[in-house]
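The block underneath contains the structure these notes are about, expressed in structure tokens.
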Amino acid sequence: MKAGVIGAGAWGTALAQLLAADGQEVRLWAREPDVVDAINRDHVNPLYLPGVPLSASIVSTDAMADMADREMLLVVSPAQHLRSVVAQAPAGVPLVLCSKGIEAGTSLLMSEVAAQAQPTSPIAVLSGPTFAAEVARGLPTAITLACADGDLAARIAQRIARPAFRPYLSDDVIGAEIGGAVKNVLAIACGVTEGAGLGLNARAALISRGFAEMTRFGLARGARVETLAGLSGLGDLVLTCSSTNSRNFSLGKGLGEGRPAAELLANRRTVAEGAFTAPVLRAAARAAGVEMPVTEAVCALLEDVAPLAQVIDALLARPLRPE
Ligand SMILES: NC(=O)c1ccc[n+]([C@@H]2O[C@H](COP(=O)([O-])OP(=O)(O)OC[C@H]3O[C@@H](n4cnc5c(N)ncnc54)[C@H](O)[C@@H]3O)[C@@H](O)[C@H]2O)c1
Ligand SMILES: O=P(O)(O)OC[C@H](O)CO
């Protein structure tokens, strides 16, 4: 399948590098002319994936018309911009959605947004524990590829699989998306434990209780529990809650150190999706009658409505309950 990638941030660039590993041409759409020039001229993306020499088979463009002959398009924009970039994409081409989040204003998952923006395009979701820099370096990685159409999923899997990049197939698109969206919010919470020096017990508690939240919310939205317990859910939760290589964890660490959210979020070039997903997730959970206390706590810190100590105390003081 002739492949295109829409979005040349860290993850889009790493995925283009992966797809180009067998020498096939990969088109990479970037918003920034500087990024297009650097990729085509020097085979690097210093803005978003510095230090990684890129394949000469990657051809970058800022013209969406150049994607017209592609047989599959990986969409790798920030979640809040997915609707606008998908609307510009050629119609009818299979879309592999790689963004992790929930759309503000509509509470729609990315597959639901894409279906509205390009109603004739088949949709798959690619999501899992995948730091872009590690994938770009060829380090071993496994990921969930979810698609309702098993034949299309198999063709996409053949195109993206590499000796060190292993997709696992699923037909639970919603489940794969919910794991990727919710884990970003929980990673902020785990980063807080690091920044505030709360210890590793607290982090493990948040991963476990956060996973319970993810599962409750996912089941309410029709996800399957085995998807949530797989690579795109628990797998990505563990990765993103473990290291400052995660932008979401780093944001939480800053909050835990007592820095205001507004300062941490101002003038960011790279995206910490959890900051955008958290309020949408809270609203969707409340509307569905699903309790998500960790998500509520993250929102309180992002909105700066209560001091850190008070937010932590409130989480710990919740009524005792069965696990
Ligand atoms: N970086 C990773 O390791 C990784 C891994 C898996 C999934 N993801 C997901 O991929 C998505 C993209 O993240 P990233 O890390 O590649 O991005 P990034 O933070 O490296 O770069 C920001 C991206 O946002 C784009 N952008 C900024 N304003 C925009 C606008 N108005 N319209 C469209 N695009 C705009 C920029 O061009 C750039 O491509 C996110 O949803 C993220 O959660 C990232
Ligand atoms: O850096 P983060 O927190 O956006 O995480 C990147 C990926 O989603 C990890 O799978």
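Just so it is clear, glycine is given a Cβ too, placed from its N, Cα and C backbone atoms.
Nobody curates TrEMBL annotations by hand; they come from automatic prediction.
Features as listed in TrEMBL:
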BINDING   Trp11, Arg31, Tyr48, Lys100, Ala132, Arg247, Val271, Glu273  NADPH binding site
BINDING   Lys100, Gly128, Thr130, Lys183, Asp236, Ser246, Arg247, Asn248  sn-glycerol 3-phosphate binding site
BINDING   Lys100, Arg247, Asn248  substrate binding site
DOMAIN    3-151  domain 'Glycerol-3-phosphate dehydrogenase NAD-dependent N-terminal'
DOMAIN    172-312  domain 'Glycerol-3-phosphate dehydrogenase NAD-dependent C-terminal'
Which whole number is the mean pLDDT over the domain 'Glycerol-3-phosphate dehydrogenase NAD-dependent C-terminal' (172-312)?
97
May I ask which of the binding-site residues Lys183, Asp236, Ser246 have a CB within less than 6 Å of any atom of ligand 2, listed in sequence order?
Asp236, Ser246
Out of Trp11, Lys100, Val271, the binding-site residues in the record, which is closest to Asp236 (sn-glycerol 3-phosphate binding site) when you go by Cα distance?
Lys100
Separation of alpha carbons, Ser246 (sn-glycerol 3-phosphate binding site) and Tyr48 (NADPH binding site) (Å):
14
Inter-residue C-alpha distance, Arg31 (NADPH binding site) and Thr130 (sn-glycerol 3-phosphate binding site) (nearest angstrom):
23
Of Gly128, Thr130, Asn248, i.e. the binding-site residues, those within 10 Å of Glu273 (NADPH binding site) when Cα atoms are compared:
Asn248
So which binding-site residues out of Trp11, Lys100, Ala132, Val271 end up within 10 angstroms of Lys183 (sn-glycerol 3-phosphate binding site), measuring C-alpha to C-alpha?
Lys100
Rounded to a whole number, how many Å is the Cα of Lys100 (NADPH binding site) away from the Cα of Ser246 (sn-glycerol 3-phosphate binding site)?
13
Ranking the binding-site residues Trp11, Tyr48 by other Cβ atoms within 10 Å, which is at the bottom?
Tyr48
Which of the binding-site residues Arg31, Gly128, Ala132, Arg247, Glu273 have a Cβ less than 6 Å from any atom of ligand 1?
Arg31, Ala132, Glu273
May I ask for the distance between Thr130 (sn-glycerol 3-phosphate binding site) and Trp11 (NADPH binding site), taken between their Cα atoms and rounded to an integer number of Å?
9
Drop a 10 Å sphere on every Cβ of the binding-site residues Ser246, Asn248 and tell me which sphere holds the fewest other Cβ atoms.
Ser246
From the Cα of Trp11 (NADPH binding site) across to the Cα of Ser246 (sn-glycerol 3-phosphate binding site), what is the distance in angstrom?
12
So what sits near Gly128 (sn-glycerol 3-phosphate binding site) in its own chain, CB-to-CB under 8 Å and at least six residues off in sequence?
Thr141, Ala142, Ile143, Thr144, Gly180, Leu231, Ser232, Gly235, Asp236
